[in-house]
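Worksheet for the structure shown next.
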Amino acid sequence: MQTLAQHLTSKAVNESLSQLILTLADTSKAISHAVRHGALAGVLGATEQENVQGETQKKLDIITNDMLKDALKADGTVRGLASEEEDHVVEVCANGQYLVCFDPLDGSSNIDINSLVGTIFSVLPAPQGELTETSFLQSGRNQLAAGYVLYGPSTMLALTTGQGVQLFTLHPETNEFLLTNAAMSISPDTQEFAINMSNQRFWEAPMQTYIADLLLGKIGPREKSFNMRWIAAMVGDVHRVLSRGGIFTYPTDNKDPKKPYKLRLMYEANPMALLVEQAGGKASTGYETILDIQPTQIHQRVAVILGSANEVDACLSYHGLDYSEEPSLD
């Protein structure tokens, strides 16, 4: 089996980008170690701090964020970074070539129940001139690399550099990421969906109708039965989609009118959308292709619908209908 370093060489990924990817991978090994130790190391539980999103930070949110910051500062190729746990962008190296956006511990609410968590990252080219938040506001099409590390029964790295999606598994004895799937591919059709059903009453009419039709199964307009899955960590739900197909969605809702969207564009939706597209799937907000969005702020949130291409198209078809006669959700 190829190691991650050997794979990057075989794909002719340039030296500086390869170095950055290896730094991210090496840091994820240390994060995996911290996650595995859990309560034994006293790293579980919440702090009294909130991040810029107003979410209570877990101890491991802060620990993993600092681990990635320190590693990227030492790497030498990174101009600046943006993190879910940082209010503002962080300048790293004046002559760095890349910008890195990341969610250091996606699904951290799962950590206290020993369920799936992961790290999501996106690599963008660093523009010339002074580093500001605007430097990061590039569409997802500009991503040079994207991936996630899933900390589960095995620690796995899913990676794209624009040449498909490869999956690596961390060998527990050698501590090397080894290539275990050279070409992840999402089947175009599916009978599996992932959504937080507890928010159903807050969704827009198109999503309410779409999910209602899925639940009708063979007796409904879709004429086939669907299974529902929900891990409560985007990294886990998207990994399942990449592994066996499906559709994952976190749609617009009015549960909190000030926050109609849940997932962050720059370090959640964009990297996952690139992975999904590179594996043959589609990713949309319901009204716009995610990778075509022009960001307006670092912590911008968006609705997300991604996965098997034909099923995403089916979902999007509901968003083009007239729901003027439907009861209001207000």
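Numbers run from 1 along the shown chain.
Glycine residues also receive a Cβ, built from the backbone N, Cα and C atoms like all the rest.
Residues Asp103, Leu105 are recorded by Swiss-Prot as Mg(2+) 1 binders, and the candidate that the same record lists for that site, out of Glu84, Glu85, Glu130, is Glu84.
Together with Asp103, Asp106, Swiss-Prot lists one candidate of Glu204, Glu223, Glu268 for binding Mg(2+) 2, that being Glu268. Among the candidates Asn14, Asn181, Asn196, the one that Swiss-Prot lists alongside Asp106, Gly107, Ser108, Ser109, Lys262 as binding substrate is Asn196.
The number of other CB atoms found within 10 A of the CB of Asp103 (Mg(2+) 1 binding site), across every protein chain shown, is 28. Looking only at Cα atoms, Asp103 (Mg(2+) 1 binding site) sits nearest to Glu268 among the binding-site residues Ser109, Asn196, Lys262, Glu268.
Across the structure, Leu105 (Mg(2+) 1 binding site) and Glu268 (Mg(2+) 2 binding site) are spaced 11 Å apart at their Cα atoms. In this structure, the C-alpha atom of Asn196 (substrate binding site) lies 16 angstrom from that of Asp106 (Mg(2+) 2 binding site).
DSSP assigns Ser109 (substrate binding site) to a helix.
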